[in-house]
Amino acid sequence: MSGNTFGKLFTVTTAGESHGPALVAIVDGCPPGLELDLQDLQRDLDRRKPGTSRHTTQRQEADEVEILSGVFEGKTTGASIGLLIRNTDQKSKDYSAIKDLFRPAHADYTYHHKYGIRDYRGGGRSSARETAMRVAAGAIAKKYLASQGIVIRGYMSQLGPIQIPFKTWDSVEDNAFFCPDPDKVPELEAYMDQLRRDQDSVGAKITVVADGVMPGLGEPIFDRLDAELAHALMSINAVKGVEIGAGFDCVAQRGTEHRDEMTPQGFLSNHAGGILGGISSGQPIIAHLALKPTSSITTPGRSIDVDGNAADVITKGRHDPCVGIRATPIAEAMMAIVLLDHLLRHRGQNADVSVNTPVLGQV
């Protein structure tokens, strides 16, 4: 199976299945001398891990990460950083009834046709369990980017039909939804409680923002920064759409509205989401991602078995009724991996570039 590595200079390779003994990652290209300890990684892993509220899967995984290499006396050495998280709460028997069935809207059918063999336990390699390693690797990238003045944060901006206006970052870490509006939390909780009673699932929208990014990151033509961000975010399980800045709303905008006019005091708007011509402008980089409802629900769904016979599928086991609830740290991680990769690429070619034009902020 190819396609397990992301990045060019800062690279992340992951391996492991949902019900295998462990998940692993190799992170290569991290600059030496970065102070790094387990807590730097564990902090974000704890934000993503399952079983932290009644609104997520009740699978109990500590997601305790081990650093196997690349860190000595509390600092990165420049060597590959090996990471490991052991799986401890697998219940594979929950999936024995569907081992020869294809869950509708899941990767079962496509994996079967592509490889001719698949690990049906918890979705195997296609499970979102894999994203734990992305979060661990992304935490390394976030730590280095923070040393360069770049801060990456995310929040839930919609759950099902409920739009969530941004009010304050202070609220995001105080609830299970990463919700930036504390007044919306009771409505979200009530909606999720009813969803469980309905034995159904729902989608969500996540917004992720990078502040402090300098102008110049991005490699036209084919490695535009927004193209690579879209690639990274679309690679997250259940993501079916990505927008940068105004995204699809720009269709209804006129040029006089959409263009981000500049004054000596700064940009007057940020419809471009901080990226112009595939290169960062120095404004906040803003991306939105849409996650579909999970297909692993207990309401029967029509499908087929491996022989093509009609079948009704009921997925037992422990699943997230809304995968978007735990997606914010994953989106942050993928944005961080992209930005650090492009920061290192920019240094390699353009470290000596200097212009007299001031760097504009946001008015």
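The backbone N, Cα and C atoms fix where each Cβ goes, and this holds for glycine too.
Annotated features, as they stand in Swiss-Prot:
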type    : residues                                                                                       : note
BINDING : ARG48, ARG54                                                                                   : NADP(+) binding site
BINDING : ARG125, SER126, SER127, ASN237, ALA238, GLY277, LYS292, PRO293, THR294, SER295, SER296, ARG318 : FMN binding site
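Distribution of Swiss-Prot features across the structure.
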residue: ARG48; record: NADP(+) binding site; contacts (Cβ under 8 Å, 6+ apart): ASP63, THR131, ALA132, VAL135, ARG326, PRO329, ILE330
residue: SER127; record: FMN binding site; contacts (Cβ under 8 Å, 6+ apart): GLU17, SER18, ASN237
residue: ALA238; record: FMN binding site; contacts (Cβ under 8 Å, 6+ apart): ALA128, GLY203, LEU291, LYS292, THR294, VAL323, GLY324, ALA327
According to DSSP, which kind of secondary structure is SER296 (FMN binding site) found in, if we only use helix, strand and coil? coil
